Structure formats: C-alpha cells, structure tokens
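Per Swiss-Prot, the features are as follows:
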type     : residues               : note
DOMAIN   : 368-397                : domain '4Fe-4S ferredoxin-type 1'
BINDING  : C377, C380, C383, C426 : [4Fe-4S] cluster 1 binding site
BINDING  : C387, C416, C419, C422 : [4Fe-4S] cluster 2 binding site
DOMAIN   : 407-436                : domain '4Fe-4S ferredoxin-type 2'
COMPBIAS : 534-543                : compositional bias 'Basic and acidic residues'
COMPBIAS : 597-611                : compositional bias 'Basic and acidic residues'
COMPBIAS : 633-647                : compositional bias 'Basic and acidic residues'
COMPBIAS : 669-683                : compositional bias 'Basic and acidic residues'
COMPBIAS : 705-719                : compositional bias 'Basic and acidic residues'
COMPBIAS : 721-743                : compositional bias 'Low complexity'
Amino acid sequence: MLKLFSAFRKEKVWDFNGGIHPPEMKTQSNGTPLRQLPLPGRFIIPLKQHIGSEGEICVAPGDKVLRGQPLTIGRGRMLPVHAPTSGTVTAIMPHPTAHPSALPELSVIIDADGEDRWIARDGWSDYQCRSREALIERIHQFGVAGLGGAGFPTGTKLQGGGDKIETLIINAAECEPYITADDRLMQDCAAQIIDGVRILAHILQPREVLIGIEDNKPQAISMMRAVLHGEHKIRLRVIPTKYPSGGAKQLTQILTGKQVPHGGRSSDIGVLMQNVGTAFAVKRAIIDGEPLTERVVTLTGEAVGRPGNVWARIGTPVRHLLEHAGFIPTSEQLVIMGGPLMGFTLPGLDVPVVKITNCLLAPSATEMGAPQEEQHCIRCSACADACPADLLPQQLYWFSVGQQHDKATAHNLADCIECGACAYVCPSNIPLVQYFRQEKAEIRAIAEEEKRAAEAKARFEARQARLEREKAARLERHKKSAVQPSGQDQDAIQAALARVREKKGDDQPIIVAAGAKPDNSAVIAAREARKAEARARQAEKVQQEMAANSSVPAHEATEPEIDASAESVDPRKAAVEAAIARAKARKAAQAGENATADEKPAEPIDPRKAAVEAAIARAKARKAAQAGENATADEKPAEPIDPRKAAVEAAIARAKARKAAQAGENATADEKPAEPIDPRKAAVEAAIARAKARKAAQAGENATADEKPAEPIDPRKATVEAAIARAKARKAAQAGERAQAANEENEAEDPRKAAVAAAIARVQARKAAEKVVNED
C-alpha cells in the first residue's frame, strides 16, 4: 500500500490559478523535421544577447575569424559571443537588433567566406572526471545562455545554485500556441538532450530531476520516454495543456506543488529550471567542444509558404530566413519574433537572429484579425481571474497610466511574467502587457538613476574623506618639519621646565573653605614692603638734595664787599634753579605720602599764612636781586632779564602754591572748621601784599640813593629760603590730603569753583606783575 501511495505521489501534478486556453496552431510547423538553410553572405552579431553587460571586444575590423572563435571576452556575468561562421570582420558598429524599440546596439559585422571552417574543437567526453568549477567555466566561456526566452547566462545560474538545489526541472512545456522549436528538437535530438540533462545533474547533484512536457506533444513524449527507458534518476512528467504552464513559477508549482515567493526566485525553494534547448547546448559545449553558434527557430504563419523548424546561425538576418521559407508579404504585413502572446513586432527584417529567438511568426490579415480599438476599462475583473501570477492587472494598469511607480512596485509589478493572458481576455481590447512593459522600463530607469546618484554621492564622500586625510597629513608634516630648538636652547627649556615643576612641587595646595574669602595677607605684606623700600630710597634722595641746596659757604655770607671779579648772579638762572628745587621737593613729598600714612598727621598750616610768607619771600628775593643790580651798575652790565618771563614764572609758582593751599583746606575738615576762605580774596590779599612789599622796596631804594648802600642780600639764599617755605607749605597741604582721605564723610569742595577762583587769581597776579614791570 505504501509503495502504491509513493508511486501515486511521484506521478502527481498540481495546478495554478488563472491561465487560458488559446487555439492550438502547432500543427503548422511540427510535422517536418529540422532542416539546414544556406548561409547568408553577411552576419550581424550583437555583443549583448543576454541578461547582463556586453563583453569586451577582442577582434578588430579586417581580422579573419573561424566558426566558434570568440568575438568578446566574458568576465563575471558578461557572456561572450562567437563567430557563427568563418569570414572577415568588416565593421564594428551600432545596428538595430531584436527589440521592440529597434534601438541600435554595438554589433560585429562579418562577411562569410563560404568555407564555414571550425576552430579546433576539444570535447570532454569524460566530463564526469572534471570538476564542477571547470564544467561551469566551460559552459560560460562557450556562450551558453537560457534559450527559453530569458537569456540568463547558464554558467552564472549554475554557479548561484550551489549545493542548495534539491530539484532540477527541465522545461519542455512550450506553451505558446505557434512555437514548436522544443517539440521538434525533442523529436529529432532526444538523446543529446538527455546527455545535456545528465551533465547538469552531475554539476548540481540534485535529489530528483523532472522533465515537464505538455500533453499536446505526443511524438516528443514518445521519443523522450524511449531515450529514458531504464533511467531511474530522470523522470518525465506529462502535464495538462494550459497557457502559460511553461512559465518558470507556474511549472515549478505544477511539478512540485511549491510556490515561489513574491520577489524571489525558484532557487529560494531549492528548485532550478533549464530549458530543453539549453540542455542540448550544454551537451554540445561539454562533449562536442562547440560554442553556441546556432539554435532551432520556428518559421510559421499563413504568410510563410514552407513553415517548419530550421537550424539558424546566430546573426543571420530575419529576411534571409523568411525568404528561404517562402515568405509572401502582404500589405501591412506583421512579423512577430516569439509567440503571438509573449512576442513583439519587429521594426524591420534586417534585424539578426539572437540566442533568445525561438520563433518568427508571419501571420496573414485574417489569421490575426483586424486590430481592435482600445476602449475604457469596464472593471469586469476578467484579467485578474486569468492572471497566473495572482496579480491585479486592472489596478496595475491604473498605476501605470498614472505614473504611480511606488504603488505599482508595491503591488508586485515585477512578478508579472508578461504572458499576455490578461490582454487576451480583456473585452476592452486594452494592451495591458504593453503598459506593464513600459512601466517596468521606467522603474528600471529610475532605479538606475538612483544607483548612479548613490554611487556619485559615495564617490564625493570618499573624495571629501580623502581630502580631509590629506589635509591632516599635511598639517602633521608641517608640525614635524617645524624648526626644532638647538641643543643649548633645548637644555635651557628643560631647565626652565624643571624649575617650574620644582616650584609647583613646593607649592602647598590652597584649600578654600565654602564662603571664606581668599587670604592675600602674604601678597599684601610683600607689596607694602616693596613700597616702604621705595619710599625710603626717595626720602633719602630728597634729604640729600635739600642738604645740598641749603649748604652755603660761611665766607660768602660774611664778606661785606662783593668782589668785582666774582661772577654776578643771573636772576633767571636763580628762578630756574628754584623751579627745579620745587619740582624735586614735590616729587619727594608725593613719594613720602604713603610712608607717613600711618604717622600722626602734622599740624595743618593756614594756607593764607603760607601764601603771605611765600609772597614775602619772593619780595625779599626780588629786592635782593634789585640791590645786586644797583651794586653792579658801574660794572659790566649783566644780561638783561625779560620781565614778562619772570612774571610768568612767578605766576606759575603762585598757582602751584595756591593748589597746595586748596589741598590743605581739605586736611582741616575733621578739625574745628575755621572760617571759610574765599580763594579769590586770598589771591587779592596776596597780590596786595606783594604790591606793598614792592612799593616798600622801591621807597627804600629811593631813600638810600645818596647814602651808603646797605649790605647786599644774597639772591641764592633768598631763593633757597623761598623754596624751603614752599616745600613746607606743600608738605602741610599733603598732610591735609591724607587727613581728608581718612574721613570719608567730609564733603568735597566743588572743583569747578576752585578752578574758576584759581583762574581769576592767576589773571590778577599777571596784571599786578605787569603793573610792577611798568612802574619799574
């Protein structure tokens, strides 16, 4: 019983959804055996006849070639093409090929010499002793591709299968209603096909090998069964006739009951499929050592006088084949490459036969029927019922018309096998397959553009990264090539660094408590020590200068007479020396401010008294100078003195004394306030005092004109006394300034009023000086 169920399962076939049953037209061409046709005079071999990129050309115009000689080099998925006959390469140029768009593709043009000489052929009859990789490489280099219509490189397909293939399926369904190429090939070359199947099984090592053939080919079925008699590894499965049972996914489901997932391949479920024509080409490549240079082509249609199947060389013009088949064209004649459901109309008869050409259909006008006008979709869903891929052709049609590429992709447009079943059943005569092909082409173009954009972005980012690396390398080189210090400089640098490290090591860590103020007592003490040292040096220097100015020789003070030869005293020089002394005293006083900050301030001096004393001292100095002038009247006259300059110098001295007096006023702010002094009144009183002193001096001069002159006054002593008086006044003023700083609550005098008063005093003093000069 178990054996019965096992045998039943082995012969079981499944079904797929959808599908149609168009009228059979195979009897037009499958009744005659395969035949050879005369060679054409010129062959056109396109470089790309398969899925993938075209190979690299290895011939040039003028080269002599033999049949089977490679015209291109195949690397990776690039499949080489070979010369179909012996002859001369006349050109390599673009030429229209077998494509609905008739776009020109690069092709090699060969003029045949008629000899049809082969290259040296090396067959591997002992292929079972060869490695799997060697067999796959030979299949690839001999240009074998899928001859069922897809044109996928067979070597690449076998290489990708690897060790995961459990079932090898040989597709012999040939479901198109007009095509009989595989049918006739199985009738005439069944043994060679089985040899090719054994080679494929040797490479893949599958668990089972199945040959699927429709039941509308009785002669082919009988021939294949005869060859497979006694073969246990290869089983023949006869399936019901239904279009499109020859599709890869549909035949896989029929023979195994497994469905290929959306977007996947049959190899994902452990199944690999090859066409019977591909198996025959594999046998000739491995055992006979012949590259793929020809294939079986069906010539059929009511416009063909002698329909049948012929051996057509790759690159043969379509016109040449039809002429030898008795083609009688009519008005508006159509020539279709492929079947009526999955084929396409040729743009011209000069296109060549390629590896995927399996049929040339030339129907009459009555055979194909009058072209029907396309109408609007009525949403009948007949297309969805007929679709073998379980798609929604109606919805895909709307997406294609509306250029909604994303939605079309989301609805699995890529799973469409373009079988034409939907267009066949459409009552509105909508060419759905054409819309789907166009939409696929647009999606591929968009994907290619995105891929190029991504590659360009990757190149740009790589370039930016390279530039950044080069920039970093340049900066590193510049740093390394910078001027290095010499040995001595390096030693000095290391010594300095060592001192810094030692100092850092000696430093105690500073810990600051939260909320506490930093302890700067050490820094303040060091700063105060430096200031005290500087003040001491300044005080010592001032004392030395004052001692030098105050020291006068005793004999000069007591000598009653003035030596006539002695150098007379220049009053201007004396005034300059006095100004210098005052400046030095002022600097010394300023330097001593900070030194005496903590001492008890001296008793403040009344600025009015100081001003009066200064005026008296200046009057005495002037009187002494005038007495000196009278004493030397008979002697050599001294250099004349400019009275205006002297007046200006005196005014400057008075202004400085006034500033000192004003500073002293602030010093007495903390004491009992004295009666406020108006600076203008003080200046007026000082001017009056000076005028009185000057008049008294003049009166004294007139009174003693006839008498013996009084003892002359040394002008230098008078100048020194005046300088000492001014220094005392300035010191008192500075003491007042320190007292003012100690009392922050004291109100400061308006500086603008003081400046105005000082200016008025200077003007009055200048006028008084000019008056004195005029009186003299």
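Glycine too: its Cβ is placed from the backbone N, Cα and C atoms.
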Which residues, given as numbers and ranges, are at least 6 beyond the ends of the domain '4Fe-4S ferredoxin-type 1' (368-397) yet have a Cβ under 8 Å from it?
16-20, 244, 247, 249-250, 334, 340, 408, 411-413, 415-417, 419, 421-432, 435-436, 439
Compared by Cα position, which of the binding-site residues C387, C416, C419, C422 is the closest one to C377 ([4Fe-4S] cluster 1 binding site)?
C422
Least surrounded among the binding-site residues, given as C380, C383, C387, C416, when other CB atoms within 10 Å are counted:
C380
Neighbour tally for C422 ([4Fe-4S] cluster 2 binding site), based on other Cβ positions within 10 Å of its Cβ:
30
Using DSSP, how many residues of the domain '4Fe-4S ferredoxin-type 2' (407-436) fall into helix, strand and coil, respectively?
17 helix, 0 strand, 13 coil
Using a Cβ-Cβ cut-off under 8 angstroms and a sequence gap of six or more, which residues of the chain neighbour C426 ([4Fe-4S] cluster 1 binding site)?
A382, C383, L432
Cα-to-Cα gap, C416 ([4Fe-4S] cluster 2 binding site) vs C380 ([4Fe-4S] cluster 1 binding site), nearest whole Å:
20
Tell me the Cβ neighbour count for C377 ([4Fe-4S] cluster 1 binding site), meaning other Cβ atoms within 10 Å of its Cβ, over all protein chains shown.
17
Sorry to bug you, but what's the C-alpha spacing from C419 ([4Fe-4S] cluster 2 binding site) to C380 ([4Fe-4S] cluster 1 binding site), rounded to the closest Å?
20
How many other Cβ atoms are found within 10 Å of the Cβ atom of C419 ([4Fe-4S] cluster 2 binding site), counting all protein chains shown?
26
Taking the mean position of the Cβ atoms of C387, C416, C419, C422 as the [4Fe-4S] cluster 2 site, which residues outside that list, in the same chain, have a Cβ no more than 8 Å away, listed in sequence order?
G18, C383, A386, P388, A389, L391, P393, I417, E418, G420, A421, L432, V433, F436
Excluding C377, C380, C383, C426 themselves, which residues in that chain have a Cβ inside 8 Å of the centre of the Cβ atoms defining the [4Fe-4S] cluster 1 site?
I378, R379, S381, A382, P393, Q394, C422, V425, P427, S428, I430, L432
Integer average pLDDT (0 to 100) for the domain '4Fe-4S ferredoxin-type 1' (368-397):
91
